[in-house]
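**Student:** Okay, handing you the structure first.
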């Protein structure tokens, strides 16, 4: 994306995200979650927003992606619509770039760091649910599994710990941690006893597993380093969160960032910038066709 193509694109996207944020705070975690799931499946190319057809099940309809909140899709839709409302920008900015900017702006609105977003991604028009298999970490993942998954995308263990902290503004479905509050021993011993009791109240036996609860019960509306303090207190909601502290290979990083929000913010910016480079499609052709298709697919989320 050349600066003279759509010079005000960043402010246009920022304003659209801010309007959505004022409607619902879910915007923050939902948009960040969407960006992560997009990048980890064959690169940051907006293929996660492509709709399924009678002959093809797209990424967004893979069982793992059914947990993605509609507010994330709607945020991207609104930002793209705002960009396309400017004649010189219409069809010139990819959905992949809009999603990357929207994730940054959502984090900043919640009190997290702002940072420069590299632009110039192309959208991928084809999307297959089968491409999701094995590319996203299940909530029961241990440190070795998490490390391997991130390493496959050129990200270090430090990057993985930093990006996991996106859960500080996230939500999780009851089914994702049910085994930690109702297992053979009634409670995962790594889970804080008081939090376990609260989770059992929020997610009683027989509850719809799609019911969602906040992942940071202390400062759920602030993007901060409370996530790491929670891990030290046994208050990581998912097993894949808590393992970052129970495993001695990553616990020193958790301790360091629990003490220093500045150090965490620097690490997060480094990690999400690296993530935004995963599998990027670039080139002189295809932007207009790709973004037109992106707009068509995203229009579903207005219904």
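Counting begins at 1 with the first residue displayed.
Cβ coordinates come from backbone N, Cα and C, glycine included.
Annotation comment: TrEMBL describes 1-298 as domain 'Plant heme peroxidase family profile'. Marked as disulfide bond by TrEMBL: 6-89, 39-44, 174-203. The active site, proton acceptor feature in TrEMBL is assigned to 37. Residues or ranges marked as Ca(2+) 1 binding site in TrEMBL: 38, 41, 43, 45, 47, 59. According to TrEMBL, the feature heme b binding site maps to 167. Taken from TrEMBL, the feature Ca(2+) 2 binding site covers 168, 216, 219, 224.
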**Student:** CA-CA, which of the recorded positions 37, 216, 219, 224 lies nearest residue 44 (disulfide bond)?
**Tutor:** 37
**Student:** In three-state terms from DSSP, label residue 203 (disulfide bond) for me.
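**Tutor:** Once the DSSP labels are grouped into three classes, residue 203 (disulfide bond) ends up as coil.
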**Student:** What is the interatomic distance between the Cα atoms of residue 6 (disulfide bond) and residue 45 (Ca(2+) 1 binding site), given in whole Å?
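**Tutor:** Between the Cα atoms of residue 6 (disulfide bond) and residue 45 (Ca(2+) 1 binding site), the distance comes to 19 Å.
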**Student:** Within its own chain, what residues at least 6 apart in sequence put their Cβ under 8 Å from the Cβ of residue 219 (Ca(2+) 2 binding site), listed in sequence order?
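**Tutor:** In sequence order, the residues whose Cβ lies under 8 Å from that of residue 219 (Ca(2+) 2 binding site) (at least 6 apart) are 168, 226.
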**Student:** Among the binding-site residues 38, 45, 59, 216, 224, which residue has the largest number of other Cβ atoms within 10 Å of its own Cβ?
**Tutor:** 38
**Student:** Return the residues near the residue listed as 'heme b binding site', defined as same-chain residues 6+ apart in sequence whose C-beta is under 8 angstroms from its C-beta, sorted by sequence, else 'none'.
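**Tutor:** 29, 215, 216, 227, 237, 238, 241 - these are the non-local Cβ neighbours of the residue listed as 'heme b binding site', listed in sequence order.
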**Student:** When neighbour density is defined as the number of other C-beta atoms within 10 angstroms of a residue's C-beta, which of the recorded positions 39, 41, 44, 89 has the lowest density?
**Tutor:** 89
**Student:** Residues other than 168, 216, 219, 224 within 8 Å, Cβ to Cβ centroid, of the Ca(2+) 2 site?
**Tutor:** 169, 218, 220, 221, 222, 223, 225, 226, 227, 230
**Student:** Within the chain of residue 43 (Ca(2+) 1 binding site), which residues six or more apart in sequence place their C-beta under 8 angstroms from its C-beta?
**Tutor:** 124, 278, 279, 280, 281
**Student:** Around residue 174 (disulfide bond), how many other CB atoms lie within 10 A of its CB?
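**Tutor:** Cβ-Cβ neighbours of residue 174 (disulfide bond) within 10 Å number 19.
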**Student:** Give the distance between the Cα atoms of residue 224 (Ca(2+) 2 binding site) and residue 37 (active site, proton acceptor), rounded to the nearest whole Å.
**Tutor:** 21
**Student:** Of all the recorded positions given, 6, 37, 168, 203, which residue's CB has the most CB neighbours within 10 A?
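**Tutor:** Compared across 6, 37, 168, 203, the most Cβ atoms within 10 Å surround 168.
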**Student:** I'm trying to understand the geometry here, so how far is the Cα atom of residue 59 (Ca(2+) 1 binding site) from the Cα atom of residue 89 (disulfide bond), in Å to the nearest whole number?
**Tutor:** 27
**Student:** Average the pLDDT scores across the domain 'Plant heme peroxidase family profile' (1-298) and report the rounded value.
**Tutor:** 93
